[in-house]
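Taken verbatim from Swiss-Prot:
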- 40-60: transmembrane segment (TRANSMEM)
- 73-93: transmembrane segment (TRANSMEM)
- 141-161: transmembrane segment (TRANSMEM)
- 166-186: transmembrane segment (TRANSMEM)
- 218-238: transmembrane segment (TRANSMEM)
- 244-264: transmembrane segment (TRANSMEM)
- 305-325: transmembrane segment (TRANSMEM)
- 366-386: transmembrane segment (TRANSMEM)
- 391-411: transmembrane segment (TRANSMEM)
- 455-475: transmembrane segment (TRANSMEM)
- 502-522: transmembrane segment (TRANSMEM)
- Asn523: N-linked glycosylation site (CARBOHYD)
- 573-593: transmembrane segment (TRANSMEM)
- 788-820: region 'Disordered' (REGION)
- Asn848: N-linked glycosylation site (CARBOHYD)
- Asn915: N-linked glycosylation site (CARBOHYD)
- Asn1132: N-linked glycosylation site (CARBOHYD)
- Asn1159: N-linked glycosylation site (CARBOHYD)
Amino acid sequence: MGPDVPLLNEYKQEFFWKRFPQTVLGGPRFKLGYSAPPYIYINQAILFLIPWLLGGAGTVLGEVKVLQDYYTAVFSGGLMLIAAFIIQLLNLYARKKTSTVERLQNQNTLTDEDEYDFNSCLGSETIKFVIPGKKFIANTIFHSLVAGVLCGLGTWYLLPYRLNLLYGNIGGTVMIFIFGWLTICIGEYSLIVNSATETATFHAQDTYEITALLRPAYIFAFIAVDLADRFIVTVPALQLANQVLHVVFLFLPFLWALGILPPLDALVLWGMEQTLEFVLGGSPMSSNLRVLILFIISAATTISAYFIPNSVGLVLFIAGLGFILSLDLTEMCIVLKHHLKRLSPFMKSTSPASLHWQLSWKEPTVYFVILLLILLEASLLHYFAYSAFSISSAQAIVSYCLIILLVSLWILKEMQGAYILGIIRNPFFQSDIRMLNDFMKKQSRLRKVAVARRILLTLVSPFAMVAYLSLDTSLYNLHSASVCIGFTRAYRTIWQNTENALFEMVIVSIVQLLVFNTSVWWNVSLDTGIRLLLIAFIRDRLCQLVSKLQFAITVLLTSWTEKKQRRKSSTSLITVNIIFFPFVLSFVILSAVLSSPLLALFTLPVFLVGFPRPVRSWPGAVGASACFCTDTVYYQQMVPGLVAALQSAFASGSLGLVTPGSHFLCRFQDRLIWLLVLERGYTYCCVNIKGLELQETSCHTAEARRVDEVFEMAFEQAESAGIFALNHHFGNIMTPCTVVPVRLYSDARNVLSGIIDSHENLRQFRDDFIKVLLWVLINSCYRNSKSHKSMDVDENEENMPAPSKTQAQTGSDPIAGNPDELKAAENIHEDFDEWSDDDIFEILPRTNKTGIRPIVAFTGDKLSIPGCVEMKHVDNSVEQDIAVDKLYSVVGFGFPAIDKGKQTLTEHFNMVPFNSSYSRFLRIPQDWIFVSLPQLKLNEMKQMFPRDWYEFIFTQLDFHHLNEKPSTVQDELSKDSCLQDQFIQGLSSIYFAFFGMENLVPSSAWLFRAYLGGMPWSVSLDWLTGRPELFQLALKAFRYTFKLMVDKSSLGQVEDFKELINYLEEYDNDWYIGLASDMEWQQAVLQEKPYLFSLGHDPNMGVYTGRVLTLQEQLVQIGKLNAEAVRGQWANLSWELLYATNDDEERYSIQAHPILLRNLTVQAADPPLGYPIYSSVPLHVPLY
């Protein structure tokens, strides 16, 4: 698609310009897509201005001194409450008056497109359109009460005399009064009439009608400041804030329309997350529940610290709890619960999931020892070694050590990655990764460096920082809120995020060393804990500012430099950005200060400030939804190995500074894995892993190719580029970091047309199929014998007398019995494939046939249908006799039965007189033999039967489970002619079901269809498919034979039976040979079968393809993404799909952008906006 594709198609543009004015005004629909009477617009205007009219009445009474200001507020609020209830009652009346089933308003596209037939100004349809009503009765009452309170407080907030006192300017008072009431009317309309669709949308569905409270909540926040200023008159800063906020109050409609102010649910989560991180010293969490629990516990810890009366007790309390709260307590409790379930006999035994932290007794022991050392160090240093800060004090000496540690850790970290600062090639990093063994050997030196870094980071640095804090004299200022907040946070951050805490403490130490003997506010007004808090906030916002500036510059430049991103408007947009650079920069700074995404509208250089939201960016539970498909299984298999590999990568520092909100992209062959860091603590990290689609679209392919180029330049072509080569893809949002070994499946596809089309291979295929099928049948019977040997043999069968020679000839097997009967049977099967053995007279009820039952064969001189053998079941003798009588009555024979009164001779299949007593353990089930097979085909199979191969198979089996000498058992079984005849019958039943009665040389197309299980229909095939177990064995043998044909063509012919056995045993043990669409294929992947093979056909090229998956350790490439670029594109996606509803399949924002990786970023978003095919639950990765 060209670069001039419309951002919104014609239909969506019209839709947008109807929706946006509604958003600005808070809900009134003054622009419709169809003709409407004027009173529709007049009614909405009246409802919109009702709060102003009622508030104006109270304002007049207050200004003329009839009522006091607070009575004025009560008066206006009461009127508004009555009006709100009247409006809602009108809606209820209209809904009851109509007989049609009413569907209440949903915030979706269809609601905006519904058409109404209006009859009158106050008709039912008019009322229902103008006043849609609430979903819940509780909301009807609650929203009306809120509307009344809002109108009353709004009247008080905008009283002219009060405004004149604030500003002392009549013109300013008039402006604020007019536009202030416009803001209140916009907020009231969503409460009493109809809420607007907000550009700031967090949840896709507004189930509980929270959106209606969004605008009133912000109005209440402004009014709260004014009320505080009214009752607290001694705070000049509060009065100044009130004056400023009255002016900002006028611009609330624009802030709502631009989506800068967050929805209430996002605001609460964002507020808790920011407070937990910067005030309480914690980390963003992987779920809303964890955020809430940790927020409450951390806040309780900080409050409790305020009441501790002793400084040593304070140090012990905040130092100990700071360490404990930084541990992964939730995951430890989950693992402990699993262990208790496994050990307790009264609880259901369940083993821990493979993705859970495999916790042993060592970790709690180490943590307990560390806790004791922390308490001992902190208390002793605070009690015995504290002193005022000076250049030579103990705290200053510790600060020097901290500086050395920070520099050392930074150097050791940069040595681990592919690039230094993401720009210069790291000379210590291995330049070529194509040979796994060589790469791992050469990386061993860096692994030793990583161990040293890990020790410094997890043990040395935290204890050094504990010493620094414990020596601070500010801890003696008991019952101080700043000390409790600052030092509780500081002791917690040491363990929660050691690298950031070390950097912040070094900055504070350097500043302290420079200004310790001066009287600047840094020294006088702030204690060490608050200094650390401020530095942490500044550090975080500066890092975000740099990332956002990089993202903005990339969007600006690529809108011109990338040919496919260049639009007709690109020049104008770039010019506007240059001219209004201060405003653009202020937008970037504002988004950094608010920690909100910088939204590039449609990924164009049109920058807006998105609303603040949690680090996870999405409201739903992590990993709760994904677009699952057959390819999902490959990500499920590789995730445990990838988590283990990430453990060492995170701990070594090769992935750079890992903080909550960091994004990484992993690449291996056609797989793209998206990593999001959710939380970070002491020796653990919580991540979410997403798998992107494997069926590559054109846009996906373009970006995946660029990803491959970036990784190849970093890991495969670095040697030719030079030791200190520059990163030529520095502007890309992805920076290559490292490679990690992961045990996963490599995917290889080969063209098999030359093999499957070979006439020699096709002729040999039938003989190989007989051998493979024979091996499969014998092994199946052998396994059954091992599983059933432990069971006692049926007593009746044990005590049964040996049959006579006559019985053996007539009853041992119906097919191998009387030759005359076989010839007669053969005559009726000359046109075998066109007959059915169903009950054509429908005398007996039809049942599902699960096997061949024992039959009654009528012998002697009797009349019957010529050439047929009459049979009947003996399961129910009475029913069968009636059935036989009915049969003769239908046919209409007139001769009397000469054998009437004689006992019917019954013969059972299990009375085969095997020559060996062990043959019964390996016999074929009788329902695996097609009794109607012509004798001619049996004779044909006897000629093709590989007797040497048959005997060789028995020599390879272990018969110790039969409690005899294996050699004796093997010899007896191989010489048992009855057993051999039975296997010949089984082979014939399957072979001719596959290849047909003609037994022609198969074609390549037939071979492909048969591999898929789509053989041409025949009676024998119908019989075979009616026995699922046998059919699966036959299909397995067929596929093994096909794989054998491929291996013989590529590796050479099979020299002897031993080699053939080795091939088949390898197929059986290490391979899954089938179809990639089979459920068994997915199970084999999850069970980690070493090899998988499938056959396919490319209709475009007209060739047959073979696909082989090989499980082995491979190197997965990992790159770090610009987190702000990802958040910005996700924010734009949310705006575009949830507000503009731009569901066009070819919309501009999912087109390929090789620099910003726009298509891949959209895929990685949570459904319904994105479409990852796999998304894991939060995975806890230990970092030790």
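Note: Cβ is positioned from N, Cα and C throughout, glycine not excepted.
The list of residues near the transmembrane segment (366-386) in space but at least 6 beyond its ends in sequence, with Cβ under 8 angstroms from a Cβ of it, reads 311-312, 315-316, 319-320, 323-324, 327, 394, 463, 466-467, 469-473, 475. Within the chain carrying the transmembrane segment (502-522), a Cβ under 8 angstroms from the stretch's Cβ atoms is held by residues 389-391, 396, 399, 402-403, 405-406, 409, 461, 465, 468, 490, 493, 528, 531-532, 535-536, 539, all 6 or more beyond its ends. Separating the Cα atoms of Asn523 (N-linked glycosylation site) and Asn1159 (N-linked glycosylation site) is a whole-number distance of 51 Å. Using a 10 Å Cβ-Cβ cutoff, Asn523 (N-linked glycosylation site) registers 15 neighbours. Under the criterion of 3 or more C-beta pairs below 8 Å, with sequence separation of 6 or more, the transmembrane segment (455-475) and the transmembrane segment (305-325) qualify as touching. For the pair formed by Asn1132 (N-linked glycosylation site) and Asn1159 (N-linked glycosylation site), distance between Cα atoms is given as 13 Å, rounded to the nearest Å.
Here the transmembrane segment (73-93) has long-range neighbours at 47, 50-51, 54-55, 57-59, 61, 67, 127-128, 131-134, 140, 143-145, 147-156, 188, 191-193, meaning same-chain residues at least 6 beyond its ends whose C-beta is under 8 angstroms from one of its own. Other Cβ atoms within 10 Å of the Cβ of Asn1159 (N-linked glycosylation site), summed over all protein chains shown, number 23. Most Cβ pairs under 8 Å to the transmembrane segment (244-264), among the stretches 166-186, 218-238, 573-593, belong to 166-186. Long-range Cβ contacts of the transmembrane segment (218-238) within its own chain (Cβ-Cβ under 8 Å, at least 6 residues beyond either end) map to 150, 153-154, 156-157, 183-184, 187, 245-246, 248-249, 252, 256, 261.
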